Amino acid sequence: MADPLRLGIAGLGTVGAGVVKIVRRKAKLIEARAGRPVTISAVSARTRDKDRGVSLSGYDWEDDPVALARRDDVDLLVELMGGSDGPAKAATEAALEAGKDVVTANKAMLALHGPDLARAAESRGRVLRFEAAVAGAIPVVKALTEGLAGNEIDRVLGVMNGTCNYILTRMESAGLSYETVFDEANQLGFLEADPTLDVGGIDAGHKLALLAAIAYGVRVPFDEVELEGIERVSIDDIRRARDLGFRIKLLGVARMTGRGLEARMSPCLVRADTPLGQLEGPTNMCVLEGDESGQIVLRGAGAGEGPTASAVMSDVIDIARGTRVSTFGVPADQLGTVSMARSATPAPYYLRMELMDKPGALARIATVLGEAGISIDRMRQYGHEADTAPVLIVTHRCARDALDRALAAMPETGVLATEPVALRIETV
Ligand code: HSE
């Protein structure tokens, strides 16, 4: 019988416990698929005495994840602690230095240090894999690195934070405010310990940066990824967008342009009758556009025990089989540098504003847009009783810079009652 692949699992939260359950319950299936047994030698977590819904008997315990990573009876470190630095990075580096492979679900660590860690792995002939770091169960890393390896990638899009999609779709279906649904999501346990990671677009931004690195073979400077969260999306915008045939999504978009890499995670309008527009609840969706393949749409659970552990096991079984793919699809020392292009691609925009209800108000706004070279596609004024008028404008495709110039000039018109809301309309 072939030698077993022996795991050391660092981190026994929801995902870690899920991995232990799969290894125990599906030992025969995994052995058949991997061509060798997959076993667990030792585990590590912050707290030892805790009911995790699975027996840890038969596994050695290590308080220190670095010691776990260095054990002679561990071939592969499964890093499920989280955090961009600290113990997760220390254990990953220790495992690679000791000549072991690493599988991780840690999007923050990879978005900030991925190329360096990948280089550390590859210089020693080891692999570092991260399917579980992006969109939970959806095999999008594999799809990009392997399934679409023969393509130039035109665009990568995704709804990759289930909490935000839950909040936005629940606001719409129940007619509730952002604050109310945020509290509801908190009670349901959907939010990260630091909720800004979810609602500020950071968690989803990490995932987008990782997919962009694979799609374009570059080091993506995470601090230059455009990030905007959903905190300012109002129920009014959700309703008005729906009236126009759109839905609002926290959407990640990456594409290589003549000016550099465009990578942004922001609330966008997408047509309601598209797969992205129809995505409900805490589900994720990744859309990959290859020059040969055309558009591929992947939909599934983006978080949770089974879905995320499923993605971890995909990497573990690949390594057990001997499949060795570079972390970002090309060797880490060949990843290019790239300049980042802020919203380089022109797009139509949705604008909502409250105007003073007086003669010429709308004309002044139209003039500001016209002077910035922005043409109006559609406009709608809603009935009202107060002395301000709600107005919606959909522009033709325009550059974000031009829109920013127009938005900066609007207060000088003296007809704005509120700050305008501007959201990009992404054509998918
Ligand atoms: N908090 C994330 C989400 C899951 O809501 O999708 C982990 O990245």
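Backbone N, Cα and C define each Cβ position, glycine as well.
As written in TrEMBL, here are the features:
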ACT_SITE  Lys207  active site, proton donor
BINDING   Ala10, Gly11, Leu12, Gly13, Thr14, Val15, Gly16, Ala17  NADP(+) binding site
BINDING   Lys107  NADPH binding site
BINDING   Glu192  L-homoserine binding site
DOMAIN    350-428  domain 'ACT'
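Features as recorded by TrEMBL, highlighted on the structure.
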{"residue": "Ala10", "record": "NADP(+) binding site", "Cβ contacts under 8 Å, 6 or more apart": "Gly16, Val43, Ser44, Ala45, Pro65, Leu68, Ala69, Leu77, Val78, Glu79, Leu80, Met81, Pro87, Ala88, Ala91"}
{"residue": "Gly11", "record": "NADP(+) binding site", "Cβ contacts under 8 Å, 6 or more apart": "Ser44, Ala45, Pro65, Val78, Glu79, Leu80, Met81, Gly82, Ala88"}
{"residue": "Leu12", "record": "NADP(+) binding site", "Cβ contacts under 8 Å, 6 or more apart": "Val20, Val43, Ser44, Ala45, Lys50, Arg52, Leu56, Leu80"}
{"residue": "Gly13", "record": "NADP(+) binding site", "Cβ contacts under 8 Å, 6 or more apart": "Ala45, Leu80, Gly82"}
{"residue": "Thr14", "record": "NADP(+) binding site", "Cβ contacts under 8 Å, 6 or more apart": "Gly304, Glu305, Thr308"}
{"residue": "Val15", "record": "NADP(+) binding site", "Cβ contacts under 8 Å, 6 or more apart": "Leu80, Ala105, Ala132, Glu305, Thr308, Ala309, Val312"}
{"residue": "Ala17", "record": "NADP(+) binding site", "Cβ contacts under 8 Å, 6 or more apart": "Arg52, Gly53, Val54, Glu305"}
{"residue": "Lys107", "record": "NADPH binding site", "Cβ contacts under 8 Å, 6 or more apart": "Phe130, Ala133, Val134, Asp203, His206, Lys207, Leu210"}
CB within-chain contacts under 8 A for Glu192 (L-homoserine binding site), separation at least 6: Thr163, Asp198, Asp203
Assigned conformation of Leu12 (NADP(+) binding site) - DSSP reduced to three states: coil
Filtered recorded positions, from Ala10, Gly11, Gly13, Glu192, Lys207, whose Cβ is under 6 Å from an atom of ligand 1: Glu192
DSSP-derived helix, strand and coil totals, residue by residue, for the domain 'ACT' (350-428): 25 helix, 28 strand, 26 coil
Collapsed DSSP category at Lys107 (NADPH binding site): helix
Neighbours of Ala10, Gly11, Leu12, Gly13, Thr14, Val15, Gly16, Ala17 excl. site residues, C-beta within 8 Å of centre, NADP(+): Ile9, Gly18, Val19, Ala45, Arg52, Leu80, Met81
Ala17 (NADP(+) binding site) in three-state DSSP notation: helix
